[in-house]
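**Student:** Here's a structure for you.
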Amino acid sequence: MIQSFMLISILFVTTIISVYFSKIPSERVKIFNIYLTNAYRGVAILMVVIQHCAGEFGTNLFTPFGGIGVAIFLILSGFGLSESFKKKGINGFVTKKLWRVWLPYFLFYVVVYLLHEKCDYKLFFLNVFSIRQDDYWYVHYMLRCYLVFWGAYRFAYKYRWWILAAFSCYTFFGMGMIRAEQCLSFPLGILLSEKYSVLEHASRGGMMKWALALIVFGIICLAVKQLPEIRAYMGTYLYSAVELGIKLPLGLGVMILLWLLPTPWVMNPFLVLCGILSYELYLVHMQLLGSVQSFVSASMIILISLLLAYSMSVVTKRLQNNILK
């Protein structure tokens, strides 16, 4: 536990130092400002990394962090796709959106498998085409979200919410616990996009009340989860519903809270960089977790992951630009 707190302290100090060098003006920006959403992603990926590293330290105290971070990612994904649809329509969606998620994953998986002494090509095929879902369950689930969005908005726009509702039900009842707790995150992002005009005119005080209500509700569900009577239902739909009550409210609550903070505190270079590289950072750090032994090694792994993620981002973007010309 001490190692986890030391790691969090290092990341917090890094963020504070980064704030000092931030040149972002202090005026308020929209809650889904593009630069602010990168900061949201930065916080989300750091929460995921902290949870994974804490697990390697042998503590489950920070277990909720990972799910909260994933909820933020999925909310932003749903919002981003819907906003893109408003501006550009659905044409070119497969190449412009889906391809940009799958190609980095495919290239990264090729490298990972080539480094293994024994390559199971059947498993490689099943994983890269998202037939079999391995440790990168988030990528596989996000690809499914993208495909459902494309199908609903391309062929049945009038019934899109029925399709999204059906997909959410399938996620909750048919995709296992780790996805069940995220069944509403992606559709919520789409809903926030469609009701964005309401968000734009919401008062600061009103948003503060929403943030507090969401965070309090999430904490209550987290407390309920600790009860032996609830723990006894682990692996059931009841337990997944409690997890859903933790991850989604806290994810949205954290986003609103970040928006309420002074803009330079949140849109600082460190968090924005982590947000820009969040997808690549997620892919890379998973392969380095086995080397985590202390907060020092965890800090070095985060630094190495950032460097590798940046290199990976440069390569994949050049390939994508050449392929998608």
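Quick reminder: no glycine exception, Cβ is built from N, Cα and C everywhere.
Bear in mind that TrEMBL entries carry predicted annotations, made automatically and left uncurated.
Pulled from TrEMBL, these are the listed features:
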- 6-22: transmembrane segment (TRANSMEM)
- 34-51: transmembrane segment (TRANSMEM)
- 40-310: domain 'Acyltransferase 3' (DOMAIN)
- 57-77: transmembrane segment (TRANSMEM)
- 98-116: transmembrane segment (TRANSMEM)
- 136-153: transmembrane segment (TRANSMEM)
- 160-178: transmembrane segment (TRANSMEM)
- 207-224: transmembrane segment (TRANSMEM)
- 236-259: transmembrane segment (TRANSMEM)
- 295-315: transmembrane segment (TRANSMEM)
**Student:** Cβ under 8 Å, sequence separation of at least 6 from the ends of the transmembrane segment (160-178): give me the contacting residues as numbers and ranges.
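**Tutor:** Tertiary neighbours of the transmembrane segment (160-178) are 137, 141, 144-145, 148, 151-153, 184, 186-187, 190, 235, 237, 239-240, 243-244.
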**Student:** Taking 6-22, 34-51, 57-77, 136-153, 236-259 as candidates, which has the most Cβ pairs under 8 Å with the transmembrane segment (295-315)?
**Tutor:** 6-22
**Student:** Do at least three CB pairs under 8 A connect the transmembrane segment (57-77) and the transmembrane segment (98-116), leaving out pairs fewer than 6 apart in sequence?
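**Tutor:** They are not in contact.
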**Student:** In terms of Cβ proximity under 8 Å, which residues at least six beyond the ends of the transmembrane segment (34-51) contact it?
**Tutor:** 4, 7-8, 11, 24, 62-66, 68-70, 72-73, 76, 80, 254-255, 258-259, 263, 266-268, 270-276, 278, 281-282, 285, 302, 305
**Student:** How about long-range neighbours of the transmembrane segment (136-153): same chain, 6 or more residues beyond its ends, C-beta under 8 Å?
**Tutor:** 70, 73-74, 77-78, 81, 85, 90, 93-94, 97-98, 101-102, 105, 127, 130, 159-160, 163-164, 167, 171, 175, 178-179, 182, 186, 190, 282-283, 286
**Student:** List, by number or range, the same-chain residues at least 6 past the transmembrane segment (236-259) whose CB is under 8 A from its CB atoms?
**Tutor:** 31, 36, 39-40, 43, 64, 67-72, 75, 172-173, 177, 180-185, 188, 207-208, 210-212, 214-215, 217-219, 221-222, 224-225, 230, 266
